[in-house]
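Q: Sequence annotations record features per position, and here TrEMBL assigns compositional bias 'Acidic residues' to 779-802. Taken from TrEMBL, the feature domain 'ABC transmembrane type-1' covers 184-472. Annotation source TrEMBL lists domain 'ABC transporter' at 505-742. Residues or ranges marked as region 'Disordered' by TrEMBL: 758-802. Among the features that TrEMBL reports, transmembrane segment is placed at 181-201, 221-243, 333-351, 407-429, 449-470.
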Amino acid sequence: MRGSRVLLRTASSSRDIVRSSPLGLNLPSRCLSVDSRAPLVGPAVFGRRYHVAPSPAFGGSRLHSCGIFSSASRSDILGKLPRNAVFPQYSNLVYRQLRFATVKSSPGEKEPFSQVPPPAAKEIAQVEEISQAFERSERASQAAQINLSARLAKDGLASGKKSGLREIWRLITIARPEAKVLSVAFLFLLISSSVAMSIPFSIGKILDIATSSNPNALNEFLGISLPVFYTALGGIILLGAAANYGRIIILRIVGERIVARLRAKLFRNTFVQDAEFFDANRVGDLISRLSSDTIIVGKSITQNLSDGLRAAVSGAAGFGMMAYVSLKLSSVLALLFPPIAIAAFFYGRAIRNLSRKIQKNVGTLTKIAEERLGNVKTSQSFAGEILEVHRYNRQVKRIFELGKKESFISATFFSGTSLMGNATILALLYVGGGMVQSQAISIGELTSFLMYTAYAGSSLFGLSSFYSELMKGAGAASRLFELQDRRPKISPTVGDKVTSARGPITFKNVAFSYPTRPAVTIFKDLDFEIPQGSNVAIVGPSGGGKSTIASLLLRFYNPTQGQVLINGKDVATMNAKSLRRKIGIVAQEPVLFSGSIAENISYGKPDATRSQIIAAARKANCQFISDFPDGLDTNVGPKGAQLSGGQKQRIAIARALIKEPDILILDEATSALDAESETLVNSALAALLRENNTTISIAHRLSTIKRSDTIIVLDSEGKVAEMGSYNDLNSRPDGAFTKLMAWQLSGGEGVAAPVYPNEPISRGPPSETEHLQQLLHEGEDEEYYEVETEDEPNSIDEVEKK
């Protein structure tokens with residue numbers, strides 16, 4: 001297509017890097033941009049000539065977009081660019097989904113930039129800076145694309161593996177502990193199936209005897225009278241009913257027991273996972289796996305398995321009796337079996353896939369309900385009720401559409417097989433009627449054969465239903481097995497048992513990035529030491545990694561480099577469970593569990609006595625408890641909803657103090673307290689912990705900082721900017737601490753915010769998309785330019801717009 005135009009969305013940004021490019025420089029395979037003030041004719045990409053020109057509407061300002069062109073291979077861009085070409089760090093284009101090409105000059109084209117002088121030292125430094133920027137961008141791209149090892153696949157198909165015989169066999173082995181009880185149920189199944197299979201044969205004989213001209217035919221056949229025969233037949237039917245009752249009751253009880261055991265095991269395995277796992281997985285999806293998926297699996301391996309065995313036994317017996325009665329009629333029936341079996345196979349596979357999708361969407365629905373109902377006050381405060389209802393209803397509609405599709409598939413299969421079954425009966429009546437007329441078989445034998453055909457057809461339907469339910473169970477089981485098989489990277493029970501956490505705390509050359517966001521460095525060569533028994537405050541910019549220090553001490557994560565030492569011993573070698581017993585923490589947002597105040601305080605020490613609970617509450621200034629009619633037995637409600645923020649905070653402090661920890665971490669623990677309560681609590685903490693215990697306060701409030709023996713000031717690069725006492729740091733007029741305090745005390749008015757060079761995008765709780773979105777929206781002002789193409793023999797891949 002000649003003269004076609006491609007509109008590129010561009011962004012001019014103060015962060016764009018202007019650089020000089022030497023000839024033949026091997027540029028990173030991401031973007032190619034030129035200075036459009038001097039429009040470039042060429043270079044060409046595999047024989048295509050590109051004229052890059054500015055849009056007249058923008059007065060010929062510089063072009064900041066990426067000229068990205070596609071080819072069959074991904075290779076580096078060998079650029080021979082004009083001097084002062086713009087090479088931005090990122091583009092507003094969604095670069096992740098584009099391929100790349102090698103830039104070449106077209107045959108015979110004169111090289112316009114062959115006389116470019118060698119680069120200066122400053123230019124080389126700029127090139128190195130660009131290379132580092134693209135290394136960071138590559139890590140960010142990888143972090144956004146990789147399927148984290150901690151994340152569970154929503155459909156349960158980790159690594160693209162499909163549910164097959166291995167999953168089905170593993171599904172059956174879940175019932176292995178119940179093998180003895182299930183064997184009794186299987187015995188009852190054989191008895192009830194044998195009784196059922198004897199009825200058609202008996203009816204056929206009765207018809208033959210009843211239509212016989214010989215009055216003594218029954219005595220000659222069985223040697224008993226007709227009343228005795230009916231009585232015996234009734235007894236056999238009752239025996240079959242009793243066996244069927246025993247089978248059902250045993251399987252129901254065993255099924256409930258399997259579900260209960262499976263839920264307990266999965267909940268335990270989920271609860272011991274590391275922090276990375278919960279960063280990567282939604283709670284709603286985990287709840288769905290623990291609830292609805294376990295029910296499907298329990299039903300699949302008990303009731304459904306029993307029904308499948310019953311159908312198989314009945315079908316085998318039915319076909320055997322039909323062959324015994326008449327081989328000719330059996331051959332007619334055998335012609336219709338293969339189409340039904342093939343249809344059942346494809347039906348089962350379709351149902352399995354749909355079941356997996358339904359369970360995935362049910363998990364999403366549970367997640368939406370759990371998140372929205374748990375934060376209903378926030379939604380109501382923003383008048384977002386209608387929005388949340390629509391959000392929930394959209395997910396309900398998705399599940400409904402999948403269920404409707406499953407219904408259509410099931411209806412098509414079962415109606416088709418029912419039609420084939422009725423056609424089979426008609427064919428047997430036609431052939432069998434002729435055989436009765438020719439006296440090849442009797443009327444009783446034809447009746448028995450037709451009844452066995454009905455039993456066999458019912459068994460085929462049962463096997464089809466069994467197969468579809470088994471595939472549903474396999475789809476749900478694959479999600480459970482993925483959760484069951486996941487082993488935490490930081491096991492709470494592996495490592496050296498910690499008997500004491502007293503001693504100096506040392507961070508030695510610590511580097512750290514959250515596993516869910518490896519491209520963002522939180523700490524880089526972080527070094528400091530906290531003496532035993534000291535009261536230390538950690539301050540720094542918001543999102544600067546202060547709370548991450550607490551997470552590393554508690555061994556929620558391991559540092560990517562360096563060591564965290566307690567009394568000279570690496571935390572990474574310690575038993576995480578015993579370590580956490582020696583550390584008390586009060587988070588910025590306290591979490592209380594539904595129950596009484598006493599139960600929440602004693603959560604830190606389950607065997608605590610009543611007097612110990614009262615002592616801890618008194619130390620944390622929880623005198624407000626006496627104002628409640630039920631005192632310590634007052635129910636706090638879900639998440640402590642019956643208490644104020646300050647009351648919840650003080651109960652959380654009491655919960656930490658009752659442990660008598662060697663290390664106490666206060667993550668802005670007094671932020672919700674009034675001045676009087678804060679003073680009382682800080683005084684109690686100082687008197688209690690100054691001698692033998694170490695207190696680490698992550699704080700913004702000046703009152704908390706002043707009471708600290710040592711203040712550690714973090715900068716935005718993940719390093720210690722300053723460290724010392726309050727008086728020492730406050731005496732430095734140009735120090736980082738002085739500037740930070742002045743800015744906070746002024747509320748940001750009239751005082752410039754502290755400057756932290758190269759401040760990272762975010763250092764808070766991990767988020768997969770936040771970093772990538774920031775990079776893609778890095779431009780300050782957006783402009784549009786046109787790229788003209790000529791003599792284009794092949795199509796250009798469509799440039800995606802954000």
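Yeah, the Cβs are placed from backbone N, Cα and C, and that goes for glycine too.
Map the listed features onto the structure and describe their local environment.
A: With a threshold of 8 Å between CB atoms, the same-chain residues lying at least 6 positions outside the transmembrane segment (221-243) that come near it are 188-189, 191-192, 194-196, 198-199, 202, 205, 209.
Sequence-remote contacts of a segment are chain residues at least 6 beyond its ends whose Cβ falls under 8 Å from one of its Cβ atoms, and for the transmembrane segment (407-429) they are 329, 332-333, 336, 339-340, 343-344, 347, 350-351, 354, 449-450, 453-454, 457, 460-461, 464, 468.
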Q: Take the transmembrane segment (181-201) and find every residue of the same chain, 6 or more past its ends, with a Cβ under 8 Å from one of its Cβ atoms.
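A: Same-chain residues near the transmembrane segment (181-201) but 6 or more away: 175, 236-237, 239-241, 243-244, 246-247, 250-251, 254, 306, 309-310, 313-314, 317-318, 321, 447-448, 451-452, 455.
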Q: Find the average pLDDT over the domain 'ABC transporter' (505-742) in the predicted model and report it.
A: 85
